[in-house]
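The structure appears right after this line, and notes come after that.
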Amino acid sequence: MEMESAAASTRFHQPHMERKMSAMACEIFNELRLEGKLCDVVIKVNGFEFSAHKNILCSCSSYFRALFTSGWNNTEKKVYNIPGISPDMMKLIIEYAYTRTVPITPDNVEKLLAAADQFNIMGIVRGCCEFLKSELCLDNCIGICKFTDYYYCPELRQKAYMFILHNFEEMVKVSAEFLELSVTELKDIIEKDELNVKQEDAVFEAILKWISHDPQNRKQHISILLPKVRLALMHAEYFMNNVKMNDYVKDSEECKPVIINALKAMYDLNMNGPSNSDFTNPLTRPRLPYAILFAIGGWSGGSPTNAIEAYDARADRWVNVTCEEESPRAYHGAAYLKGYVYIIGGFDSVDYFNSVKRFDPVKKTWHQVAPMHSRRCYVSVTVLGNFIYAMGGFDGYVRLNTAERYEPETNQWTLIAPMHEQRSDASATTLYGKVYICGGFNGNECLFTAEVYNTESNQWTVIAPMRSRRSGIGVIAYGEHVYAVGGFDGANRLRSAEAYSPVANTWRTIPTMFNPRSNFGIEVVDDLLFVVGGFNGFTTTFNVECYDEKTDEWYDAHDMSIYRSALSCCVVPGLANVEEYAARRDNFPGLALRDEVKYSASTSTLPV
């Protein structure tokens, strides 16, 4: 376990003392200790002596309480020899007993945690664990996780283990610790549903890298590790050329039935398509998604809806997670920031909202936060840094060019510079530290203009116009470009899409979607650009498709359960309770019911 020694140290402060004592009392006793007055104990460590007060040491450590008060010990004893600790660590522990602060650095954290554990000083243990959490990286996550085998640090262990699972692909590329895992440790990692890999090829390649580090002693372990790969989810060509024909696999008799079963499962998937029953087969069971795409609210069946569905990209399934107590909302914005989903502005067929609601996806609770300065239906929303930006929209009277941003820490909205044009039904995103907004409707015509906001200068700059007018557009940053997708040009709903290069200040067309749509949700999940629902010119739709910039092609994804437009989407990564938003991997009765309920399509005209 290595950490950058140049990293800044942290002075940990324990706000709640293990034994309550006023700050003034602590300060006075520390002055007495430093002056050598009223001390009633001497702690000896490797020839070094530390004078102290027994009651102060007892206040933070059950070890010292037992040492000074046990029946077999002489309570009048003054000098104690303490083995198994260095003088430097004992000095820090005694200082902590008096001041409740301790400097924690990459150089001392391991020894300090060991010493705090030895003396049962939970304040320092907690401080060291928090420090190690903050230092987790690709190079040290395995070492930190193993370090917790020796000490009771369950939260740190969980954090480190989930870091390994969530960052597996990148960690394998750079971590020397990965190559030193035992076969059991590696097996335990790669069999987990939580392992975050976009393709199972990455798991197989990791196994090969681990074996190649010591092939003579490790090649026989291929029979233990290969069944933990979801082989039937691989592309057939990769499986046949790279797995089935691999020398380690071919030389293992135990791998032959695994290959046969994988081929059969792959054939069944190809012929019949995936079903929930496949989730019980370890060769076809999809991993849990690292990120969940939420599709929130919208316009359905002639009225706004409160429906919320969660998309599990690894299983290609939608899960109904609607909170029935929440009121319906359409033409709103959605944003994820620092653990919360924010629902911003919108319309319920009666009122135009300036209100903002915050959803905690772990606790599943909703709270109202500060309202915007303006009512904003058809609002454009995006996140940059620590702020949520809300731009344009319609307040029930006029289309807006105003913009504002929200800071969760202060729970305040602040106006920023207005845009060059009034824009409702536009869409916004962020790329390279700037906010982009494209298209929309100004009250007279659909727009093909676009502009960019510089947060440092608080200025909007007009950029190259799009190739098509687009209101009800979807805009998203994907790779190195800003994508503008679909929308309404004043006559037709569009299938077309285009990509903007900030470097060249130019737009280029990309392949068209399968279906025309406006007022849909748009997000990027697992390096794919998803478009969700919308209005096709005749009806609302539950159709979903995705674009892969690597292949420059669109693909069909699983339909939502609910036909709707005017919805908003956002992506939530790294949820601790992701299973509650993902397709069920177990075999409980009725597990498919929550995914299969569908609502009638609306053929109503959308509100303008």
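Positions of Cβ are set from backbone N, Cα and C atoms, glycine also.
Record features (Swiss-Prot):
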- 39-106: domain 'BTB' (DOMAIN)
- 292-339: repeat 'Kelch 1' (REPEAT)
- 340-386: repeat 'Kelch 2' (REPEAT)
- 388-433: repeat 'Kelch 3' (REPEAT)
- 434-480: repeat 'Kelch 4' (REPEAT)
- 481-527: repeat 'Kelch 5' (REPEAT)
- Ser501: phosphoserine (MOD_RES)
- 529-574: repeat 'Kelch 6' (REPEAT)
Message: Please tell me whether the repeat 'Kelch 5' (481-527) and the repeat 'Kelch 2' (340-386) touch - that is, whether there are at least 3 C-beta pairs under 8 Å between them, with each pair 6 or more apart in sequence.
response: no
Field: Integer mean pLDDT for the repeat 'Kelch 5' (481-527)
entry: 98
Message: Based on DSSP, tally up the residues of the repeat 'Kelch 1' (292-339) by helix, strand and coil.
response: 0 helix, 29 strand, 19 coil
Message: DSSP-wise, what's the residue breakdown of the repeat 'Kelch 2' (340-386) into helix, strand and coil?
response: 0 helix, 23 strand, 24 coil
Task: Taking helix as H, G and I and strand as E and B in DSSP, count the residues of the domain 'BTB' (39-106) in helix, strand and coil.
output: 28 helix, 17 strand, 23 coil
